[in-house]
Amino acid sequence: MAGAFGFKGCQKIRGPQIRSLLEAKDFFLFDCDGVIWHGENAITGAAKVVNALIRHGKNVVFVTNNSTRPRENYVHKFSRLGFTDVMLEQIFSSSYCSALYLRDVVKICGQVFVIGCEGLRRELQEAGIPCLEETDDPDATIYDCALAPDVKAVLVGHDDKLTFLKLAKASCYLKDPDCLFLATDNDPWHPLSSGRILPGSGSLTAALEVASGRKATVIGKPSRFMFECISSQFRGVDPAQCLMVGDRLETDMLFGSNCGLDTMLTLTGVSQIEEAQEYRNSDLSTNHSLVPDYVVDTIADFLPAFEELEEESN
């Protein structure tokens, strides 16, 4: 399907082309921040698009690197913003997939030291993964704090309460080569509405990689594991029948490319078409994996295609 409407890479499509794409695909994977909503505001038309896809029998899943909230909270947010048909089973966050990786892939036997928010801990606990409890005195330092003897993995996610002691303890645990080093995602930063930025999980992981001399295994996008989670829970997932829709070239588009999916960039978030064109024209072949197959201004561009389909069925 990729490039069916012309030269593969960065093609801005609309109207009949979007309708053809909708008819050709069975699975639609959406990033959330920058694609579906900005903070507590749904992107105009996004709820209508998602609800229409579900109503037309399409499989819709949400793949987000945001590890700060459990999936139940996402269900409430979708409902609050007008996405009336989204269920828990459709949500694949980096925290949920990290829990599945620890439980089902490595079958962890021991405790996990978590650098992350409460939402990450809740996903791990619901999967039966034992997390090391933080019991240090506020004045404790790495010189005198307790270190648990049975930590078998260090997992790094977004942590707005990161301390030097957490970083130091994680570095100590990672001196054991048998202790796994995992990261929910490697997003470097996130935009804030004020124009400022928020350091992402990737920046915390990078600090620990330098301190430990080790590289983390990344669970979230652009790793293939999130797609493997989807494939394990939805029967008959064919990459050729999937479309990945996102707003970030280095995560969403690369994720789609890594998993053999067609990709679509929406211009309501981080990346813009000029960046994608630079990657497309780059002499480095590795940059071509960051180029979307298709580009839309917003996923609301899907709506006219649905209106046509519904007019024909009446």
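Glycine too: its Cβ is placed from the backbone N, Cα and C atoms.
TrEMBL entries are annotated by machine, without manual review.
Noted in TrEMBL for the protein shown:
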{"type": "ACT_SITE", "residues": "ASP31", "note": "active site, nucleophile"}
{"type": "BINDING", "residues": "ASP31, ASP33, ASP247", "note": "Mg(2+) binding site"}
{"type": "ACT_SITE", "residues": "ASP33", "note": "active site, proton donor"}
{"type": "BINDING", "residues": "HIS190, LYS221", "note": "substrate binding site"}
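Of the candidate recorded positions, ASP31, ASP33, ASP247, the one lying closest to HIS190 (substrate binding site) when CA atoms are compared is ASP33.
Sitting within 8 Å of the Cβ centre of ASP31, ASP33, ASP247, and not among those site residues for Mg(2+), are the Cβ atoms of CYS32, GLY34, VAL35, ILE36, THR64, GLY246, ARG248, ASP252, GLY269, VAL270.
Long-range C-beta contacts of ASP33 (Mg(2+) binding site), restricted to its own chain and to partners at least six residues apart, with a cutoff below 8 Å, comprise THR64, ASN66, HIS190, ASP247, GLY269.
Cβ-based crowding with a 10 Å cutoff singles out LYS221 as the top-ranked of the binding-site residues HIS190, LYS221. Non-local contacts of the residue listed as 'active site, nucleophile' by the CB criterion (under 8 A, 6+ apart in sequence, same chain) comprise PHE62, VAL63, THR64, LYS221, VAL245, GLY246, ASP247, ARG248, THR251, ASP252, GLY269.
Around the Cβ of ASP247 (Mg(2+) binding site), the number of neighbouring Cβ atoms within 10 Å comes to 24.
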